[in-house]
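Participant: Have a look at this one before I ask anything.
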Amino acid sequence: MKMLRAMREPLKYVQGRDALLQFHKEMEYMGKRWLFVCSNSGYKACHEKLEKSFGTSDDYRRYEIFGGISSNGEIKKMMAIVEEDKIDTVVAVGGGSAVDTAKATAYYTGKHIVILPTVAATDAPCTGLSVIYNDDHSFDRYLFYPTNPDAVMVDTTIIANAPVKFLIAGMGDALGTYFEGRASIRTESSSLEGTGITRAGQALARLCYDTLRAYGKQAIEACKVHAVTPALENIVEANVYLSGVGADNVNCAAAHSFYNGVTSLGIKHADHGCCVAFGTLVQLVLEGATKEEFDDVQSFCLEVGLPVTLAEIGEITDEQIMTIAKNACAPGETIHNLAGDVEPIELYDAIKQADALGKLALAK
Ligand SMILES: [Zn+2]
C-alpha cells in the first residue's frame, strides 16, 4: 500500500522585533502555570521581556537555568518539577539542549510545549523530534513525537544581538533542506516523519533555498550591526521555520549523513550547519550535478562565509575521510535516500572532489 501523505508543523509560529514582549498575550490560552527551561544565555536574553509580558497577571512562573545536555537524567528532573508545581506549559528558552529537554519533558508529562529559540543556528525548534543523550553524554536515541510543538516564538531583536556565526550556521543547515528533500523525492522516500511527501512540504523546502539566495548576504550584514531588517526577518524565518518544517516534511539525505560522519571522528569540528553546508556540496558531487549547479551553490557558500573546503570543517586526514565515509553510509543513515546505493568509496571520492573544487575557488 502507498504511504499516506501527511503534513506537520507547529500549531502556531510568531516572529518579530521584541516578540517576547507579547509572549503572554500570544500564549495565555495554554494555561496559568509555566515552567521555563532556560540555557544560561537564554535566561539572560529573555527573562526581563518575558516577565514584562505577564504585566499584572498572577500566573505562576518558574525559571530553571539549565547547564546540561538533553540527557535522560535532566529530563526526569524537569518532569518532577512539572508534577510538583502542577505546570500547564513547558517553555524552552535557548539553544538545542534546552529545546530538546523541554520538548521531551512536555511530551512525557502530556503538557503544552512552546519553543523560544535565542539563536537561529539550526532548524530544531520547529521539528517534531529530539536528540536524547545518556547521562555520560553519549548519544542515546532520536525521540520522535506524534506532533510538532504547540508554538514557536522568535524574537528577532534577540537573534540580531546574538553572534553572527549562529545565523551563518543556521543558513548552512537550511541550505541542505531543498537539496536533501529533492533527493528524497526523486527516490520516493518517506518524509523525515515517515509519511508520504506533500507538495506543501516540497514548496517550503524550495522557498527556503530561494530565501537564502535572495536575502542571505543582506541578513548577515544586518546581524553584524544588530539591525532588525526585513532581510534579517526573512532569513530567520528560513532558518527556523522553512528549514525545520521543510526538513520534517521532506527528508534529509547525504548532507546530514556527512555531518554524522564528521561527529563520529570525535575531533573538534565546525558547527552542525557549517558541516551540513559542505555536506550539501558533497551531495551535489555524488548526484552528478552540473558544473552550473555546483558553482551556483558553492558561490552562495562563499558569499555568506559557509565552508567550501574540508580544512574549514576541521583538521582531517585522508584516513579520517574514509572513516567519515564509512560511518556516513551506516545502515539507517539518510544518505540511503539518494538514488542508487552509495558505497563509502563513492562518498570518499565525492568529498575529495568537493574539497578540490573548494580549494580552487578559494585560490581565485
Ligand atoms: Zn540539521
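Here, residue 1 is simply the first one shown, and the rest follow in order.
Backbone N, Cα and C atoms are what each Cβ position is placed from, and that goes for glycine too.
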Participant: What does TrEMBL list, out of D173, D210, D318, as binding the same glycerol as D123, H256, H272?
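Facilitator: Looking through D173, D210, D318, the residue TrEMBL assigns to the glycerol site is D173.
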Participant: So which of the binding-site residues A98, V99, T127, L129, Y133, D173 sit close to ligand 1, that is, with a CB under 6 Å from an atom of it?
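Facilitator: Passing the 6 Å Cβ check against ligand 1: D173.
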Participant: In the domain 'Alcohol dehydrogenase iron-type/glycerol dehydrogenase GldA' (10-156), how many residues does DSSP call helix, how many strand, and how many coil?
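Facilitator: Helix/strand/coil tally for the domain 'Alcohol dehydrogenase iron-type/glycerol dehydrogenase GldA' (10-156): 58 helix, 46 strand, 43 coil.
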Participant: What other residues of this chain sit with their CB within 8 A of the center of the CB atoms of D123, D173, H256, H272, the recorded glycerol site?
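Facilitator: Not counting the recorded site residues, we get T122, A124, G172, A174, G176, S243, A247, Y259, G273, V276.
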Participant: Give the number of CB atoms, excluding that of A98 (NAD(+) binding site) itself, located within 10 Å of its CB.
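Facilitator: Taking all protein chains shown, A98 (NAD(+) binding site) has 32 Cβ neighbours within 10 Å.
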